[in-house]
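Database features (TrEMBL):
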COMPBIAS  1-29  compositional bias 'Basic and acidic residues'
COMPBIAS  163-172  compositional bias 'Basic and acidic residues'
DOMAIN    181-276  domain 'BRCT'
DOMAIN    324-424  domain 'WGR'
DOMAIN    451-570  domain 'PARP alpha-helical'
DOMAIN    579-810  domain 'PARP catalytic'
REGION    1-50  region 'Disordered'
REGION    146-183  region 'Disordered'
């Protein structure tokens, strides 16, 4: 680059030497004229500001006259006469009326066609984008109609009738409404981040900068840091020097909600209200789950009792389940439903549970609980006894229709449902017991393994997969862990509806031509629809493909697998089986056996892991990995070793997965990714995706700081006769899926091919240290391999690992 710059400068210098006298004179003339021109522009700017001041003064005078001589009722009539939004509080009607009478009537929303309303210094749409979502159009310069204002007769006799008629004439050159440049919520702020937040540090960095702030990796040196955004778990651990340094320097340490709330309210919120000290001890404080830091939320939900655990489960808050009460079933209809609705613009994220419960004494009760997801304490909770069964059924059906806009019988018999504006939508719950309730509790884990006929190591392995803990944590990390919503016991029909919603949106956004707020509206509409179908304690608006991959596609796959686990594990909470672990092991139809630590395969796998692993970064911390145990696996749904040996181009590869997904993998093998997205793991469409880098798989297998145990999977994948290579997302993944062509995604790092070797006759093991590849601009960090036929992938080993904190990396980096 320096050579080019030097040549360019030399060329420019040569051009200057060749300039004629005439050209020099013209240039000199232009240079001397420019200050005068700048002065003229400056004068124009001053005149414009003076004009704005005059208009504002005139507007204030006009508003004062209206307020003195027009009633609220007359102002509403003016709004209605001109097709403007007239609903709402009296305080909101006044500025709306003043605005349209001075600046002209508002046109409809350019996105959804709804009405606009003046609110402070902005204009918002009050219409609906669809039956799932409100419109989020917002602007400072709204479209206006060139219509003459219409006035009701009640206004004509007022002292200001002449004034408003004059202003209502569009020929009088209505002035445009001007505002000073809006201030961004983080203007002038230096913000530092630490620990594992709900969104990545890179995500928050881009958002903070977009809203006027800057991010500093350290709280010491350089510019003064306004605050440190951190998880309370980091402070509790006492291992983060950032928190200690911030406290020592009196820098506020706040929770993540401060960022999102400040952006939502377009103004930096008081730091004291978000101090993490208020989150440390949440027990007994009645803080809603959605207001807690995720780590504090975990303390609550990991031990919380699930309120409803299956279609036939009586809600725990009724206190009737221990009496032997049951859900009423009559004429083929089961009177139990869970409902949900999400509309973030209106601050709605609610659930409703409705049940007709019959006691052993044949006394009928109607139970209804309605409130915000994650805030059960403040929910409306009603349990009423009914003498007449038919009357109770009619009331149940009436309430269902009031809440959803649909008939209960059509829904319950045929699953016919149509989402209505601002109404709830049913969450279709299946029979059975959700795994968060039915799996082994902490007190049962030891005895279940100790008395099993399974090999002790296999028994301990099954104990992990049959424990409530891993499923509670999986849902907690995804924000789908509300005790009120049985998200782990959904019907296949509901899961299919979620999958179809995701696939439809992915295709829509790929071909989307909308830009700006129109595009934001498309994303927002999907977000409300998704979090209505998949209720979450922490709903948010999806912004990009990475969000879709991490919080929709991956979340869907995990919830699907948790539902499968619920059906395998069923109810072990009060199991009378002599050997419940062995019974669940038999259901899997697979064979699991521990590898001897001195065997060649064990040593090979450890070597493969060590060479292709790099520490995982979570916030400011790094995590290494150590091998606890390795299990050899034969999955009946996968091809056997002998069968897969017959296939071409076989490679032993790493696959990452949550522990909560393993039961389904062991029973049915790997399923292809749910959709195609131009990000890692989904870039090649509906394929089984593996990697030659344990570092890539570990990012999926990593659990959390306080839960360091996890699993990595080793599988043999046949890439087929034809292999295509990509370093960027392919344009047409459907063609790859149809032809079942093997794909290799080329990452920015690769394993050193000099160290690769052949194992078990003709299976390649790409075991080599990670080195930079020639594909520096690839969207992938490590190589990925995509196989479109699950019968070309055979799970062979499960590697139980422990992620070890490397605290010194953090201290050294900051120093």
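From the backbone N, Cα and C atoms, a Cβ is placed for every residue, glycine too.
The highest tally of CB pairs under 8 A with the domain 'PARP alpha-helical' (451-570), across 181-276, 324-424, 579-810, is held by 579-810. Residue counts for the domain 'PARP alpha-helical' (451-570) under DSSP, split into helix (H, G, I), strand (E, B) and coil, are 86 helix, 2 strand, 32 coil. Counting residues of the region 'Disordered' (146-183) by DSSP class, helix then strand then coil, yields 14 helix, 0 strand, 24 coil. Mean pLDDT for the domain 'BRCT' (181-276) in this predicted model: 81.
Per DSSP, the domain 'WGR' (324-424) is made up of 29 helix, 41 strand, 31 coil.
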